[in-house]
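The block underneath contains the structure these notes are about, expressed in C-alpha cells.
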Amino acid sequence: MKVSGDDCGFWQWGTGALETLAVVATMNKDDNVTPICFLVDEEMADSFSGENDMVMFSPCKKQSGRRLRTRTLDWCRMLERSQEPVSLRRPIKFAMARKLGFIVVLLAVTSIYEAVAIFHPISESHRSAALELFSPAVGSFSSLEEAYEALITFEVLGLKKPEIKDHTCNSVVDTLSSPSSNSKDLHHAFRVNGLLKCKISTGDLTGIVSRLKDAVKDATTLLDYYHSIGGLVLIKDQNPEVDVFLGNADGILRSIKALSQSDGRWRYSSNNPESSTYAAGLALETLSGVISLSATPVDENLIGTLKKDIVKLFDSIKKYDDGAYYFDDKLIDASGHQGPLSATSAVVRGLTTFASASGSLNIPEEKILGLARFLLGIGIPGNSKDLYYQIDALSCLENNRVSVPLVLSLPATVLSLTSKDKLKVKVNTVLGSAGPPLSVKLMQVFSSGSKDASVLKQELNYDPKEGIHTMDALPEGVDVGEYIFAFEIVLSDPEHKKIYATGGRTKVPIHVTGVVTVDNAKIALLEGDVLESEIKLDLPGKNDAAVSANHLQKLHLSFLLKTPLGKPFKPHQALLKLRHETGVEHIFVVGNSGKRFEMTLDFLGLVDKFYYLSGQYNIELSVGDAVMENSFLQALGYIELDLPKAPEKSTHPPPQPADPYLRYGPKAEINHIFRVPEKRPPQQLSFTFLGLVFVPFLAFLIGLLRLGVNLKNFPTSAVPATFAILFHGGIAAVLLLYVFFWWKLDLFTTLKALGVLGIFLMFSQPLLLRRLRHCHHHPFHFRSIIILELISYRIYKLRRVYISVYELWGSWIADFPGIIFVDLGLYCKRVYSKITQ
C-alpha cells in the first residue's frame, strides 16, 4: 500500500508483523532489507494492508513492549517541539492526527541505547488510574479484601477516601463477631479496621485473640500461619492493651522454616513439593510477625539462617538490560497464578517487614534500586489488583531499613538548540518525595553511534524552590542528534549512603533538536556525462522547476545539509518521489557521498520500472529526521518524460488503490419509491356498512328476548346469589378475554389469562351446582350455563373462519365481524329449542 502525501506526508507504511504497540516494517535500500520500528495505535494499524510497503527510517534493535512504552512519551514530546513534524507535510496535519488518534512515533535506536531507560516516580497518572479502578459499586466494595486494597492505595497516593466507612465498618464488626469467620476473614477485617478505625470493644478482641492463637497452633499450611499471625500483629498495633504475645515463637518459626527450600523459595504446605517466590514473600512477612509477637528473645542463630535464605532468594532474581530487577513465579495453585508483579511485590513487602523486625539485611543497593526500577518501569497497570501490588511495594521501598532507592528523572529529554532549553534533573524517592541533601553531576556525554565519550564531571545548579538541578547551557560540542548523558548522585552526608541507594551512574537518553540548513540544492539534466541544463532550488521554499527529458538523458539532484554548528548532517530519510499524472508513484532514496547528498536517475535503465509511461511527472523531495525541527516535504516542479512505446510483453502499471478516506465522504442520495396505496371504498359506503353491522346485534338482542332470557329465577338468597354472580362473572370475563384476544392480545398472553380464569371457574361452578341441586324450580341456571358455554365456543369457531376468509380475500372482508351477531342469534335459537325439549 502506498499512502499519498495528503494522508501521511512522505511516509509509506510497512505491513510487517503487527504487535500491540510496535509495527515492524522493512526498508529497501540497494536491495538490502533492514528492520524498522515505529509505533502506531491499533486503529491505525488495522488500516494498513497491501504489499511492497516501505518505510524509510534508520534501523533499530529489537525492543520489548515495556521499553517501547517507556520511550514513547519522549519521542512524542520531541515531535511536538518540531516546527514541521517529521511525519506530516504541515503542522496542522499533526494536530489533526492527534485528534484522530493516529499518532505515529519513530523509535530509531542503536546498540548504545539497549541499557538506557528513563524512570519516573509516581505521578498524577497513577492517582487518576486509582480513582478509576477502585471505584466502589453501589457505595461499597464487594469484599473486605478489595476494600483494604482500595483504601491503602488511596492512603499511599494521598487521595481522599470514598464515603464507605459506615457500610464497611458494619462488615468489619459482623465479621469479627461471627463465630464462623476463619483466620483469613479476621485478618482482612483487622486490615480494614486499621485504616477506618471502627469501634471494636476490647472484650471482643480478647475472644478473637484466643481464636487466632488456636489457629496458629493448628496451622498446617503457610497461608494458615500468614493470616493468623497477621491478624495478631494487627491487633497488637491497633490495641496494645490486649495480650497477643506468643510463648513458643521459636517453635512456630521452625515450623514455618520447614516449608522453605534450598533456593530461598517456600512451599505452601508440606504436602506440596512445588515452591513459589510469592510464597517466599508471604513467609518472610509471617516470620517478621512471629518475631514481633515473641514473648522472649528469638534464637539469633535461627534469624541468621533466615537471612541466608533471603540472600539465596536474591540469587535467583532476574534482570532487564536497563537495570530493572524482578522476581518471576510460574506456580499455579489454589492461590492462583502469580506473575512477576505480584511475586516481586510480595518479596519486597516480606523483605522490608523482616528487616524491620530482625535488623538490617545485606542486600546490594543495586538490586534494591533495580526492584524500584521494575515497579516504576511497568507504567500504570490496567487492573486494580496489579495497581495495588505496584503501590504497596513502592510504599514499602519508600521507607525501609534495607535501602531507600532514589530515582533520577528528567522532566524533558528533548532539548532544542533553537529555543536554548536548559537541562533539568530531579531526584526523588519512588513516591515522589524530596530526597536528602545531595548534588547531581554530569559525568559523561556519549554521542549516538560512537563509543567515545567526553568526560565533564560538571555539577548542576540546584534550585531549592523548584527542587530541580539545572544546567543553563548544554556542554560544548553538543549538536543536534541523539546522546546519552551519564549522571551521578552525590549525597551530602556520608551517613546517608547507608540509608539511600543511588545506583552509581545513571544513563539517560537525550535528544537535541535544531534547525538544519540546506545549501547548494540543484537539479540538473544530463546527456551522458554532459550537463544540459541546471536549476537552483530553494529548500525549503517554493520551487517550480520545469524539465523535459527523454529516455536517453539523466536527472541529477544534489544538496548539502548542515547542523547549527556547521557540521554535516545525515537525516534518517531523504526521498525523491516522482508521481505520474495517472497516479503511479516511484520513490528513490537519496544517498550521500561524504558531505553532499546526491542521486542520478538514468531513465534508460528505468523505462521498465516506469512502465513506459510518458507524460508529466511531479517531483517531490522529502527530508526528515526526529531531531530536525524543519523537516520538509517539498514540491520541486515537474519533468516531462518522452519514453519509448511499451513492448507487448512489458509489465503493466499496477491498479491504483482507492483512497481510504473516500469512505467517510458523502454518499449517493437514495431515492425510495413507496408502494402505491391500495384502493379503498368511498367513506360514505364504509359508514353505511358500519351502521348495517349493528343491525344483526339488535336482532341478537331481540332473539334473546324471544327466547325468554330473564333474571326472574336468579337466586335471591345470599350464598347462592354470591356463587351465581361469581360464576357468571367468570363466564363474562372469559367472553371479554375473547374480545381482547380478537382485538389486541396474542395467543400466549390469552392462554395465561384463560388459565387463571379457568381455575376460578373450576372451583366456582361446582359450588353453584351444589346449591342449585336443591332448587329444581330454577331451570334458568342450567340453561344459561349451557348457552353461555356454547356461545363462547361458537365465538372461537367463528374467529377461525374469519381468519381463513381474511387471508383469502384480504381487506374487502374487513367488516366480517358483523356476521357474528346474525350467526349467534340463529345458533342460540337452535340450542335453546334443543334444551327445552
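Cβ coordinates come from backbone N, Cα and C, glycine included.
If you look up TrEMBL, you'll see 100-119 (among others) marked as transmembrane segment.
Per TrEMBL, the feature domain 'Ribophorin II N-terminal' maps to 122-398.
Mapped onto DSSP classes, the domain 'Ribophorin II second' (406-512) shows 5 helix, 58 strand, 44 coil. Here TrEMBL flags 406-512 as domain 'Ribophorin II second'.
Per TrEMBL, the feature domain 'Ribophorin II third' maps to 520-641. Sorting the domain 'Ribophorin II third' (520-641) by DSSP state (H, G, I as helix; E, B as strand; all else coil) yields 3 helix, 76 strand, 43 coil.
As annotated by TrEMBL, domain 'Ribophorin II C-terminal' applies to 674-771.
For 685-709 (among others), the entry in TrEMBL reads transmembrane segment.
Annotation source TrEMBL lists transmembrane segment at 721-743 (among others).
The transmembrane segment feature in TrEMBL is assigned to 749-768 (among others). For the transmembrane segment (749-768), same-chain residues at least 6 beyond its ends with a Cβ under 8 Å from one of its own Cβ atoms are 720, 723-724, 726-727, 730-731, 733-734, 737, 740-741, 781, 785.
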*With DSSP as the yardstick, break the domain 'Ribophorin II C-terminal' (674-771) down into helix, strand and coil residue counts.*
75 helix, 0 strand, 23 coil
